[in-house]
Amino acid sequence: MICFILFVFSFLVSVSATAPYKPDDVFLINCGETDVPFDNHGRTWTQEEKNILPKNSDNASFSSVVSYKEESGIPQVPYMTARIFRSDFTYSFPVSPGWKFLRLYFYPTSYKSGFDAVNSFVSVTVNDFTLLQNFSADLTVKASIPESKSLIKEFIVPVYLTLNLTFRPSNNSLAFVNGIEIVSMPDRFYSKGGFDDLITNVGSLIDFEIDNSTASETVHRLNVGGHMVDEVNDSGMFRRWLSDDYEFLIGGVSPYMPDVNISYTEKTPAYVAPAYVYSTCRMMGNAQDTYLNLNFNLTWLFTVDAGFSYLVRLHFFEKYLNKANQRVFSIFLGNQMAREEMDVIRLSGGPRIPIYLDFRIYVGSESGPRPDLRLDLHPLVKDNPEYYEAILNGVEILKLNNSGNLAIIQDNELKPNPPLSSNLTPNHVTQQIKGKSSHLLVKIFIAVGPGTGLATFVVVLMLWMRQMKRKNRKEERVVMFKKLLNMYTYAELKKITKSFSYIIGKGGFGTVYGGNLSNGRKVAVKVLKDLKGSAEDFINEVASMSQTSHVNIVSLLGFCFEGSKRAIVYEFLENGSLDQFMSRNKSLTQDVTTLYGIALGIARGLEYLHYGCKTRIVHFDIKPQNILLDGNLCPKVSDFGLAKLCEKRESVLSLMDTRGTIGYIAPEVFSRMYGRVSHKSDVYSFGMLVIDMIGARSKEIVETVDSAASSTYFPDWIYKDLEDGEQTWIFGDEITKEEKEIAKKMIVVGLWCIQPCPSDRPSMNRVVEMMEGSLDALEIPPKPSMHISTEVITESSSLSDGGEDV
């Protein structure tokens, strides 16, 4: 029976892996009037039907044909006719939910209507995404390498039900387009990761995630070592793979590999890349003495736009080698290590099995607006491979949207797209079965019967294998941490804490114990509970804390990762957490200068996390329990279990779950109606923390006098006190004028920080400036309210920095 199941399973995998992709949606629109339906490849193009045109199409546009055909190589379809726009013009395409290829065809020349594309500039949007801004097709083709007279711009956009494509001519200009192509793609084709379902985040220890609100632009797609692969020879998505013979390559040889037998798999189906791509490659050469290859790299240079993140997909295939450790090399992107050990045979499981890996890298503007993204392959010698060689078959590079904008970096925050589908995705299923034993596979098969049971068995088995792979990836990260930090055994922690006898704190995460190292230094040891998700929290905390070094950030001294035992060792802080301090020291909590010093230190710590680290760290759980105080009442931010790492230029984050603590969690984290989640979420939590520090004692008094106050939104009556100028009594009758101004300044800063719309909140840079500056320089903020309208989200007040750095 088991053999039969495995046979059928392998048959299903084989069929699905080798089957070509058939897109659900295909639109080929030849814009303007034409009687020629077929292009050079035999594909059928249609004219613009009324159902996709706007009602004002006659007034907003007109059609025209080229004055004369300048180049014999320019195809008749779709380049000889064009739709020319006088004003904003929106096509509406009914499509199924999911990501779509959008290809725009341009032939910048003169047209019989008198229109000359030389003077044409246009901005293009799809739903909430800006794809092009003040774009000139004429200037683009003149700067193209290799030289070309026509142009195709390819984008990948997520769409719910309707793809609204808008062309907006620039001032005193007309706009045009010759052809529009829309093609669907397999679910999460560019968002789930490579064959291993991972996107390696170059320069970070945390894998990158692409959510359903991310658009991209294809900037390079290469058939490495071979000729161009045109649309009809792709694997069903009509992609064009260019040769890498131009400025992309430095060094290497391109061997001829005839009659290649490619064994596609479920991990790398046939639609990932056509056989033409895996049939060609570039290698380093020097076959007689590969030791010479240690003197140089196999290198490509790709011109890209600065200020964006890029998804780099690399395709690999080994035909002639058949054992692991024959060819092992390292991959570098942007002069950073992307993968230390790349052994195609070891990863794929055998010869003639294609695989592909995904990497994400941010390209800054240090080298100008159009820098080169460098890709290097170099032999790895430490494992003593049989050949000192490297190989590459294909490259795809996608520019990822920056807060909804693929054209330029802008500050305004955009509304999120609706979800792609209400159906469960494989990720949802993984969450449901996480932590279950393998007996679940047998139970499901028996429960639903042999027919549907086999299909369910296959799906669950694949998901279980994916989960095991992610578990192995976490263990690989721990090995990396061992090189940077002290790693303690559980027995050593038991000795340090004297059998965990001294408890200094408890929480939902676990218990914190006091202890002493062998040199006498006091430490705190946080032992995590053995709960679902705690491994991910542990990885987050170690990864975040290992990158920090600041007086207002708790110092990580080491960790333990032993089976199910996980613990973090950090410096011991004598005064415990801020909430413990405030409950123990009522007299000190009335000292305005003490509270101000603590608040300013916390602000500086958050400023460092957002702007001082190489990789921005968003904490997501700022609250009194996570602020520790040393003997001098110097505050230190701690507990990074919910933290998220991202590049500093990324103003918008992707969250798969709600994270934070009620009372301090930013509204956009649990409801997208308030805006997009970003580092501004920490700003909100800081504001609530400051107001809590200033108003905690006042809140107790008010609730004693008026029980109805407990049901009032806390900042409401704080704001009323600020308006009435009666906040003195919070600290008693003996408060000085200077202390009164400090208290008022803290309240004003706190109220600015808790504005419901993230774009209205100051950055932590600005918060520190406000805290250190004078009260007179501060404006009174609008009254925060959780009941906001759409207009509030789209507007910004005088302290807004648009969701980005100031």
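Positions of Cβ are set from backbone N, Cα and C atoms, glycine also.
Swiss-Prot lists D621 with the feature active site, proton acceptor. Feature annotation from Swiss-Prot assigns ATP binding site to I504, G505, K506, G507, G508, F509, G510, T511, V512, K526; the stated evidence is sequence analysis. The domain 'Protein kinase' feature in Swiss-Prot is assigned to 498-775; the stated evidence is sequence analysis. Summarising the annotation, Swiss-Prot assigns N-linked glycosylation site to N59, N134, N164, N171, N212, N233, N261, N297, N401 and lists sequence analysis as the type of evidence. What Swiss-Prot lists as signal peptide is 1-17, and the listing cites sequence analysis. The feature topological domain 'Extracellular' is assigned by Swiss-Prot to 18-443, with sequence analysis given as support. The topological domain 'Cytoplasmic' annotation in Swiss-Prot covers 465-806, and the record cites sequence analysis as its basis. Positions annotated as transmembrane segment by Swiss-Prot, on the basis of sequence analysis: 444-464.
Recorded features from Swiss-Prot, shown on the structure.
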residue: N134; record: N-linked glycosylation site; contacts (Cβ under 8 Å, 6+ apart): F121, V122, S123, S170, A407
residue: N164; record: N-linked glycosylation site; contacts (Cβ under 8 Å, 6+ apart): T90, Y91, S92, F93, V126, N127
residue: N171; record: N-linked glycosylation site; contacts (Cβ under 8 Å, 6+ apart): none
residue: N261; record: N-linked glycosylation site; contacts (Cβ under 8 Å, 6+ apart): R352
residue: N401; record: N-linked glycosylation site; contacts (Cβ under 8 Å, 6+ apart): F129, T214, A215, S216
residue: I504; record: ATP binding site; contacts (Cβ under 8 Å, 6+ apart): V512, Y513, G514, A524, G576
residue: K506; record: ATP binding site; contacts (Cβ under 8 Å, 6+ apart): V512
Subject >> From recorded positions N212, N233, G510, the one whose Cα lies nearest the residue listed as 'active site, proton acceptor' >> reply: G510
Original post:
If you draw a 10 Å sphere on the Cβ of N297 (N-linked glycosylation site), how many other Cβ atoms land inside?
Top reply: 21
Subject >> Residue among recorded positions N59, N212, N297, G510 with Cα closest to the Cα of N233 (N-linked glycosylation site) >> reply: N212
Original post:
So, in DSSP terms, is D621 (active site, proton acceptor) helix, strand, or coil?
Top reply: coil
**OP:** Could you say whether, by DSSP, G510 (ATP binding site) belongs to a helix, a strand or a coil region?
**Re:** strand
**OP:** Starting from the Cβ of N233 (N-linked glycosylation site), draw a 10 Å sphere and report how many other Cβ atoms land inside it.
**Re:** 16
Original post:
Fewest other CB within 10 angstroms, which one of the glycosylation sites N59, N212?
Top reply: N59
**OP:** Translate the DSSP assignment of N233 (N-linked glycosylation site) into the three-state scheme.
**Re:** helix
Original post:
Given the model, what does the mean pLDDT over the domain 'Protein kinase' (498-775) come out as?
Top reply: 79
**OP:** Please report how many Å separate the Cα atom of N59 (N-linked glycosylation site) from that of N212 (N-linked glycosylation site), as a whole number.
**Re:** 36
Original post:
Rounded to the nearest angstrom, how far is the Cα of N297 (N-linked glycosylation site) from the Cα of G510 (ATP binding site)?
Top reply: 48
